[in-house]
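The structure follows.
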Amino acid sequence: MLIKLLTKVFGSRNDRTLRRMRKAVSLINAMEPEMEKLSDDELKAKTNEFRARIEKGESVESLIPEAFAVVREASKRVFGMRHFDVQLLGGMVLNDRCIAEMRTGEGKTLTATLPAYLNALSGKGVHVVTVNDYLAQRDAENNRPLFEFLGMSVGINLPGMPAPAKREAYAADITYGTNNEYGFDYLRDNMAFSPEERVQRKLHYALVDEVDSILIDEARTPLIISGPAEDSSEMYKKVNKIIPHLIRQEKEDSDTFQGEGHFSVDEKARQVNLTERGLVLIEELLVQEGIMDEGESLYSPGNIMLMHHVTAALRAHALFTRDVDYIVKDGEVIIVDEHTGRTMQGRRWSDGLHQAVEAKEGVEIQNENQTLASITFQNYFRLYEKLAGMTGTADTEAFEFSSIYKLDTVVVPTNRPMIRKDLPDLVYMTEAEKIQAIIEDIKERTANGQPVLVGTISIEKSEVVSRELTKAGIKHNVLNAKFHANEAGIVAQAGYPAAVTIATNMAGRGTDIMLGGSWQAEVAALEAPTEEQIAQIKADWQVRHDAVLAAGGLHIIGTERHESRRIDNQLRGRSGRQGDPGSSRFYLSMEDALMRIFASDRVSGMMRKLGMKPGEAIEHPWVTKAIANAQRKVESRNFDIRKQLLEYDDVANDQRRAIYTQRNELLDVSDVSDTINSIREDVFKATIDAYIPPQSLEEMWDIPGLQERLKNDFDLELPIAEWLDKEPELHEETLRERILAQSIEVYQRKEEVVGAEMMRHFEKGVMLQTLDSLWKEHLAAMDYLRQGIHLRGYAQKDPKQEYKRESFAMFAAMLESLKYEVISTLSKVQVRMPEEVEAMEMQRREEAERLAQMQQLSHQDDDTAVAADLAAQTGERKIGRNDPCPCGSGKKYKQCHGRLS
């Protein structure tokens, strides 16, 4: 009450922000007459004038009124479209490192041209990020004429493009692409073998469209580049045969409870666990199949990989459903994105889950993959100096944007007031009753000529509704992952009078639904339309448009509530754009997933006691409130999962930054001999220490062991025992110096054979190859550590702190291994001719190319995320030699991981 009163007196933070920005809007409007007087050439010349002013030290922010006025005038001349005042406000919000919440149909694409132009003036590049390739291409092509009129270059970054084309796209002033492609390019750049192979520039400004979808919905799933590991397809087939013998444990209070089952399913956490009874049975079955020896336990250390196979197979059978989580097409299991309902061609679940699903479906099992590089979207987008985003629905997630990305959310007012009617939810007892009620509503609406959009949460549900509509003889279009190609066309015509469109999880975001259909799509379908044809099409469209307005605009039907209120709001937001009329209603049943998991059994009990008849529905604000509370529970759980994932990934992120910084420094220099000499000293000191402890008596020295180690690991045959016999005065310090000097001398003789330049090239290649190989193994070890770390909680230890401590110890050990491997390889490889170095280089490149072709780009299903409380690092700054090392050891960078560089 008090907060409401204070808000009325002082205005909310949102109001104060907009009030401040409206002053700048008045300035832009005042400049309009002046801009209109400029010729095209004078308007174009403004870009170079702004660039010159920035070079002289003027800030980008000081140019806002003038730059925005220039873009608005250019848009009027190129597109015949003038930015509304609310779009200017949106542009300022986006430049202010904030998230602009703009309703559907308010022209987000045109709004984005303002901050994109302004931030591209510095010449550092702007990345516009979209959710799919179609939108990236569409927005780039639509806005290209405007940017090129103003002297700006536009690039498109698409999957599968060759490196030179990608480099050109990134070199443009403004680059359009998808979140996945930007992330994968970053990872690939950090796997490159020469500076020329890298495609990205320094990450400057990212403008994220549908920011909620990218930074929240997809933030639980890291981007992973993986390569093939060993073949274990037979094991998946054998384990898959066993799983159908197991019975699922039902809840004790359920109607179907039959005592203890063999495994329990936690739908909330998406986990499956064996019960005591299940463990006994599965061990018997594994012994029968000859997979495990009698008397062995599934939990013994030697059966860790077998346990991994059993868990993956159980999850595949109990948690992943065909046509909901994946589809089978042409003998291949293709993942369906749970957030967009689109198929994700070429993506694979990791941890053996994809292979287990392939075994379950009886299709060919493809090899398991090993992680080569990975990053989460949270950590990728925080590398940008400046980040902003826009969406129609961000306010419900404002806290998460603020706490994780340090982005404030500003709600931008609509150009015209919103008049859509959002009707209360209707709750039915069963799914069948609900579907029947939906069909009746559709019949009623379409009889009046009103278009209807039906939103479903899975392909399976969309096909159920489609079948019922077909039975009822109602013509309709289905829009889901299976009919991806003609998506935009179907959405564009969804506003036709009496049109019925079924869409999964609002596939088709980014395309406006025009009331009366899209006359532009009709014109585009004609080969060479005449003026008369275009005029006729527009006239016909106007008649249809008016008819739909009279019928009440677009009606939205939700077939069930999503886990997130935001996705429900996105569905509703398809109607009522730009002040158009419209309506929306959600139909629910007690059999819906959300109601089953989160709405208590008391609700269904209460409905039965009230004596509800079949086909009757409850419609009450209390019910709507209870559902909103259930959604809040899911949202906060999902937020905790993402926060957990981020905290854990922050530990890995600091290590990743240290390795990638080091790797890039290595790539950019041609001579690493100083580094090699420095680490040779460290390696030989550690090796000698193992056999001659410092300040020890000669009786404690293990000279035969040292000689053998030097010969085996460094190809160095030294008569150390002979030296000690012949020179009694030879003490420990002098001996150490002599061994090191001998190793340097042998190495220099090798260098004389091939020449200094070729040797430098060889050293760099060996360092890169060894670093990549050990980093890959380290990532796998970190994965295994993370999967089991939560068990430390049972020992009264904080899993997060344990993960930090152990991963740092592993990282330090990896760096020691790196030094040792590099010196050992350089010492052992016999190079006699320069051609041999070239041949080895060629072999390395061929291997890298072979791996690149076999690489899988995946979005891991990471529900077991865990994590560390480290401050967010913004921008990929260069680490100073005296700065604290980012790995968290507390040492200076030069004394820790900086020693390698």
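Positions of Cβ are set from backbone N, Cα and C atoms, glycine also.
In case it's useful when we look at the structure, here is the feature table from Swiss-Prot:
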- GLN87, GLY105, GLU106, GLY107, LYS108, THR109, ASP512: ATP binding site (BINDING)
- CYS885, CYS887, CYS896, HIS897: Zn(2+) binding site (BINDING)
Based on DSSP, name the secondary structure state of GLN87 (ATP binding site): helix, strand or coil.
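SS state of GLN87 (ATP binding site) = helix.
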Once the chains shown are all counted, how many other Cβ atoms turn up within 10 Å of the Cβ of THR109 (ATP binding site)?
17
Quick one: give me the count of other CB atoms within 10 A of the CB of LYS108 (ATP binding site).
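The answer is 22.
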Any idea which of the binding-site residues GLU106, ASP512 has the thinnest Cβ neighbourhood at 10 Å?
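Across GLU106, ASP512, these binding-site residues, the one with fewest Cβ atoms within 10 Å is ASP512.
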